[in-house]
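S.K.: Handing you this structure, nothing more for now.
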Amino acid sequence: METLVFLFSFSALGILYTMNTTPEMQEPFVILEIGVAVLVVVFLFYFLITRGNPPKDVLFFVFAEFSFTCVIDLVSALEYDGIISGFMEFYQEKGEPYLGTSYAIMMCYWDGIAHFAMYLMMISRITDRKAYRTLGLFWAGSLCANMSVFITGIVAGKYGSEVQPAFWLNFLFLLMPVLGGVLLFTRPKDRPLIGGYNAQQAQSMKLIWRPMDMILVLLLLVSMAFTILRGLVVLDSPLEACSVYLKQYEPYLKDPVGYPRVMMLELFFYGLPLLGAFVYGLLKPGCEWMSDWTMFFAGAVIQCQWSHIGGSLHSRTTAPFRIPNEAFWTVLAANLIYAATPALVALRVHKDPLFFLKVASFPGQTGLPNSEEKDTKYKEK
């Protein structure tokens with residue numbers, strides 16, 4: 001099934017080429033109508049071909065539908081970068097002109113490559129009746145962050161006065177990952193939530209005896225400080241540190257397109273509490289929620305940082321807002337570490353989950369390992 005979805009998704013090229021060469025199809029409201037019609041037709045196509053053996057997961061249709069739009073996003077990015085031509089000139093003018101910003105181009109590359117690969121993998125898992133919950137949470141975090149920054153940035157940035165009817169299609173791509181995330185969070189976990197003696201042993205170790213966790217806690221604290229700094233910068237804080245950082249390190253934060261500002265505010269108000277919660281989860285044993293939220297947040301931060309780093313380096317970003325040459329490697333390293341930290345925490349939680357499991361409770365259990373429990377009873381006697 002994933003092969004069929006992959007091949008059918010490229011039929012989007014034919015639709016784009018037809019619209020690009022037919023003037024009657026290039027009016028703003030006509031573009032919206034065709035967009036809605038195409039989404040309906042794609043859904044009906046997959047609904048009809050699976051009637052004999054319907055998928056057990058309703059998200060199959062979401063992934064199949066969005067695979068089709070991934071090709072459109074990839075074509076958009078390639079055409080804006082001058083790699084291909086003849087498919088989307090009409091859309092650049094009368095569809096969504098803000099797709100030509102550096103941030104949106106990088107966002108489209110992520111959607112056309114990373115999300116497309118995720119959809120095919122999840123469709124394969126659904127077809128084989130295998131679990132994909134962990135990958136699904138990563139996708140939900142990635143697309144939620146993608147679309148929330150994109151939609152808000154359009155309205156709040158310099159393109160807010162140039163919104164065309166096709167803009168409203170974006171809300172479908174925000175609604176679906178939100179609903180998908182809710183559905184995935186409420187499903188049973190891929191791994192057991194309760195551990196036994198091994199989990200009890202792991203949770204008895206103090207942080208000082210867990211050097212990897214100590215490093216992760218340090219990285220999370222640094223990430224929190226970095227989040228606060230950049231949040232205050234976009235909030236126009238009068239602090240000297242904010243002024244210095246904006247002028248000498250990341251002037252891109254004040255790019256008038258609006259996307260960097262919106263992204264920093266979302267990380268400040270939503271990401272910062274999660275980073276603090278992950279520190280708590282690495283200190284307090286038995287936080288079973290860590291496995292889900294670290295994966296969701298890792299997807300969100302990696303997508304945001306991909307678009308942010310790429311946007312700040314892209315040739316379409318005007319020179320005053322690019323990273324200064326003398327601070328290039330410092331800013332790049334800081335942003336890469338910031339992107340990697342949630343992913344490293346998620347990897348830690350999923351690779352060795354014993355510390356984050358609830359310990360099984362048995363009648364008469366005191367919470368001590370068996371040998372210690374026996375020694376205690378002996379001493380009492």
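From the backbone N, Cα and C atoms, a Cβ is placed for every residue, glycine too.
Heads up, here are the entries from TrEMBL:
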type	residues	note
TRANSMEM	28-49	transmembrane segment
DOMAIN	56-181	domain 'EXPERA'
TRANSMEM	58-78	transmembrane segment
TRANSMEM	98-123	transmembrane segment
TRANSMEM	135-155	transmembrane segment
TRANSMEM	167-186	transmembrane segment
TRANSMEM	207-229	transmembrane segment
DOMAIN	212-346	domain 'EXPERA'
TRANSMEM	262-283	transmembrane segment
TRANSMEM	327-347	transmembrane segment
S.K.: Decide whether the stretches the transmembrane segment (58-78) and the transmembrane segment (327-347) have at least 3 CB pairs under 8 angstroms, with pairs required to be 6 or more apart in sequence.
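M.R.: Result for the transmembrane segment (58-78) with the transmembrane segment (327-347) is no.
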S.K.: I'd like the per-state residue tally for the domain 'EXPERA' (56-181) from DSSP, helix first, then strand, then coil.
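M.R.: Per DSSP, the residues of the domain 'EXPERA' (56-181) fall into 102 helix, 0 strand, 24 coil.
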S.K.: Over the domain 'EXPERA' (212-346), work out the mean pLDDT and round it to an integer.
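M.R.: Mean pLDDT across the domain 'EXPERA' (212-346) comes out at 93.
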S.K.: Residue list, the transmembrane segment (135-155) vs rest of chain: Cβ under 8 Å, 6 or more residues beyond ends.
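M.R.: Non-local partners: 59, 98, 103-104, 107, 110-111, 114-115, 118-119, 121-122, 125, 163, 167, 170-171, 173-174, 176-178, 180-181, 184-185, 257-259, 261-263, 266, 292, 295-304, 307.
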